[in-house]
Amino acid sequence: MGCCCCQSLPLLLMLLWMGTCCRAQVYNLSLAVDEGLPPGTLVGDIRAGLPEGSPVEGFFLSEEDGESAVLRDFHIDTETGIVRTLRILDRERRQHYSFVAATLLGDVVQVDIKVQDVNDHSPTFPVESLRLQISELTPPGTTFRLPAARDPDTGEYGLRGYSLIRGSQERENTDRAEKLQLEGSSTYSSIHPLDLVLVHWLDREELDRYQLEVEAFDGGYPRRTGRLLIDITVLDANDNPPSFDQPEYNGWVWENAPAGTPICTVHAMDPDLGSNGEVRYTLRSDEGYFLVEETSGIVRVNRPLDREQKALHQLVVQAKDGGSQPEVTSVLVIIKVLDVNDNKPHIQITLLTESGRPEISEGARIGEYLARISVSDPDLQFQNVSLTLEGSDGSFSLRHVASQIYFLCVEASLDREIKDLYELKLIAKDSGSPPLLTLKTLLVVVTDLNDEPPVFMNPEGYHAIVSEAASAGTAVLTLKAQDLDDEGPNSRIAYTLQDSAASSAFTLDSHTGVLSINKMLDFEAENTLNFVITATDHGVPPLSTTCTVTIMLEDVNDNEPIFMQQFYNVTLLEHSAIGHCFLQNDPAPAVWATAAMPHLSKWGWCNAHSLCK
């Protein structure tokens, strides 16, 4: 059987699905192998993860992470399930492998291989040797930080502690107490600092050099070790610190002074000879605005200053001699930054509207406040700031209430239908020469007030001719009104019918204004209908307008003639002349609604009013 390996999880999932339809099961198998073993080392058998007696004819393989690390570092026999190493494994490079093996029957084995640590690394220091110089005046208890050792192994094979090995010169002086020792050497680990502690005073005349070895050891058996050589030179005492000629220095500088501008000079003396008396100057506390020349002590500007950000700088200048363990003296230098007009005025606008937005109703009263405006200038000498207003068209004005406080108020009546947006420009100017200006634009929206009633498109009234035979629901006409107020409730219109006998025959859509027939019409009952329509907006309070609607009904032939009596009994003389009227019939009112046209009867032709021959 050939190698059945799949790099993609979808193929394996398809196989698992096929197996699931039968009897698929998922099992877990954990294997372990030591690092450092030669290629070909047996790791385990995948079949061990299956129930005893399970038939196995081969495996399909898939790596979970898709890195191909399993197939790169292991040989997996897909027929037998035997797993062997292909190369020497290194736990420090990779600690864990995992893959999935599926049988042809769909059973799945999740295989996890753990690479076990062996003690194959010795503790190592980042450097082989370290040189220290310790003055004979260094007090006991002083600690010296040493570089800690590292061990890639973990657990019991990792770093366990340190020990101090004396040099030959110190071992020869067995009568002298130990001068140096490691602090807490029995409990150190790879993540803790390592300190060398001075236990007793050093005496250069007794011994001017110490050679020690710090040994780091792990927990293996036999344990592995690493060593750090420490070479210590005992220096002669530098017992005079530098001394400044003033207890404090003061200086000043303009805030626009360029880099390199000198401010003041500090000076210190050291009575020691040679390098112990050579003084160098440094800044201990500074934000980079200043520098001090190392040998001359001149304090200069280092980068641009800003008095508004910081007007007073306090520097600590250190004087340090050239000793191996230098003596250091500090002095305070106070520098005052003088102001120049380098900042534009600031404008702060606080809106006083209920909504917090720059808007005002067209019904606002004259004098009503819209915003509070404060002006300021960070420059110390140029804080007298003036404020002017442009673009108001006389509708707004500034009211000066305090030295740097203004109120923006309504100066004239507003009409949104004429102008609904004002672009106000606030200009602040300081008292510098030349003055600096700041422009700030405020867009003020004039909000709508319900001050415009709806207006019908045909204010003189609406007229329509409708057949009396029109059915209920027939649209007669559409009424249209408009409202000049802003979009929203103030311009949203509702239409209503005023109650009357004539209007009861119609219905009106309140939103669209479509007038429709509500019931059957009757020309003979009333041929002209007059009623009133009202258009009302949704403002508070609402405004409304009315108009008259006239509907003229068009007659149709919808009525038969009606006799006043069901039977007429008359007496006619036999010699009555031709044309003699022997019966007068008064028709019912409905007859008058019809055209007075002749009708054919069994008696001959007659009109609608008489029966005459």
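Cβ from N, Cα, C; glycine included.
Per TrEMBL, the features are:
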type   : residues : note
SIGNAL : 1-24     : signal peptide
DOMAIN : 25-125   : domain 'Cadherin'
DOMAIN : 126-244  : domain 'Cadherin'
DOMAIN : 245-347  : domain 'Cadherin'
DOMAIN : 359-456  : domain 'Cadherin'
DOMAIN : 458-563  : domain 'Cadherin'
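Per-class residue totals from DSSP over the domain 'Cadherin' (245-347), listed helix then strand then coil: 4 helix, 48 strand, 51 coil. Sorting the domain 'Cadherin' (458-563) by DSSP state (H, G, I as helix; E, B as strand; all else coil) yields 6 helix, 45 strand, 55 coil. Here the domain 'Cadherin' (359-456) has, by DSSP, the following mix of helix, strand and coil residues: 0 helix, 51 strand, 47 coil.
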